[in-house]
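Per Swiss-Prot, the features are:
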- 587, 591, 691, 695: Zn(2+) binding site (BINDING)
- 739-758: region 'Disordered' (REGION)
């Protein structure tokens, strides 16, 4: 269903879709834009829509409001207005969208209240009507941030939401309120307000919308979500929704008339950055340039071309652009990106190379580069403090995350600094080749090497950032599509009664509702199905072994080993209680460890994934670095402290909205919960999580938790492998036995070393006398010595150690070059062979060793003067000695 098709249909009947009470009462006239043809409503008889009018962005330097409001002041006055008009002011939701698995970040205020149920999106509002200052993150236009004067990576969407009836309202009241906000609350002349007809469509629903502008600046868009289905065959929704989203930054901008929206929205941060540059934020030159950039970007669509045109029209030279405008643009970008990072990290996101963390790391690297280039004297922590101090009045929760934000930014900045040398070498090669990289190569350079386009611009490798670069990156790291649901073989079956959420009997009888090669469906079951990282129960059904249990919507499918059951029959079912107990302990241990890790490491720790089996489990957490031994010890100690305190573990059921309001979004550790009633597992005074798994009644039942291994499995994710209960006790027993074995081995090693040292000492004492005896024509105890025509020959077999033989042999041939020496002795599981041959002996040490080692089933090598080898067949020791005699003394092997 194309948006333009819907717009044509709706615009053909404005009375039905767009005409509201205000237009009739105030005399708004409907016109078609003389330039683009869009329909709009205005009081001043203008011929063109706001985006094509001559007064577009003329508020810069000449605001239409009698009073200026900065970011914080603008929210206070808007909140006051809506509360006075019957709305409940709701605190912002996290920017990390924990309640939707198809979004990493909150991109609009209406997302706060959307919950996915199967293939449908439902709305759950905590009040009707309400207003919310929702911080939203969007990354498709990062290259525009700091450049256009109006693009942000994070912005506050003022969400005005209502449902007709029960205190809510519909189109007439909505537009009355929005018009009243502009004209009566902010004092903007009514002739300045223009409404433009538009439509919205998404998630199978659609409806008309009215965008409202003042001097070409779109301030808000009131969407009336009214229909579902396909145009022409659509029906009216049972529950119509008012979804008005307005930009808080733009409200501040329209009332202050500053050259950019950044100047009035970042409080003291912009003042500090501008002071560092020595820049004048209120200069006529800036106002002229940014007025034109905003207009030209809308008309030509290319950022780089819009900048060139705007500089030319404002009379700004290239040198002035490079020396004044560009550095100020970097200041705007730095202020914006740091604010975004503060919100994201405060809400539990981490910069990384995967998923939503990718954009955060990209922004941080842009900030790091700009700080180094343009603001070398400024401290990042100072800017964080200035931001949080300014925002605390609107978002008090940021103050509690101040140190965590600084910690993460410091770690990431340090990593960026460490990688600069490598980045410099890669960039130099690109520069030397004389050909600028295209968009695909730029994406690869950032993906593989962390090199940002801004870094390449600074190095002279490229001239400008391609307009599509950041949107391409954003697309590459969008959330993956949902997996397909189960096949049609289970269609039409009634949901299985899940006994494991009630009395949970270990033995029960059930009726077979479906039986096939794919498995068995019962009318009721106590077998827990695989889900949430918990492995399934095993046992028997009708005497057949249960090997797997899976959940398909509300249907539980059991897989059996070696048999089938008749549909309609009643069967006896027995669950493996030992397996269930082990898995249950590990599941509660997962909750304990997750909360303990967060307490030890920092607020950014969330469960990334988990796996719970009978005798082992693992927990993957979001963390920036590998864990040290000290950190592991602290986490384990904290977890076992909770176990020893024997805290109660309780389970309660709550409407999803109430659970979120009561416990916060920390409950979504295991991911999205696609049900309207949430099962909350509470470890008293320690942890609350939405969870469908099995748990012990108190933490003392876990017994013991031992972390067996940790490793970093991907950027920003650390795995903790652990055991609990009997498995932990067995692990301790095994570890103790291993430690005892290691201790015994060390003692044996020490004794062996002592023996070696004693042997060496003895060798030092006896070698001189033995050498004197042999070189004097005598013999030595335990050695065979003979003198022939070629010189003296010595054979030592089965005596002394390697130290003795190497020392003795080397000295012997040095004293008597006509001598040859061979030693054969046991060393552990092998038999060693050493040979020395003096320069005048006529013997070859290598030949002796090679042949003797072969007898032992081994090999050897070396030179004529010295060689060594051996073999493992100690039973051939006598044969080896006999072969050595032949080689040394002649004769045969007898």
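Every residue, even glycine, has its Cβ placed from backbone N, Cα and C.
Its Cβ placed at the centre, residue 695 (Zn(2+) binding site) has 23 other Cβ atoms within 10 Å. Within 8 Å of the Cβ centroid of the Zn(2+) site, not counting the listed residues 587, 591, 691, 695, the chain contributes 588, 590, 649, 681, 689, 693, 694. Residue counts of the region 'Disordered' (739-758) by helix, strand and coil are 20 helix, 0 strand, 0 coil (DSSP-based). For residue 691 (Zn(2+) binding site), other Cβ atoms within 10 Å of its Cβ number 24.
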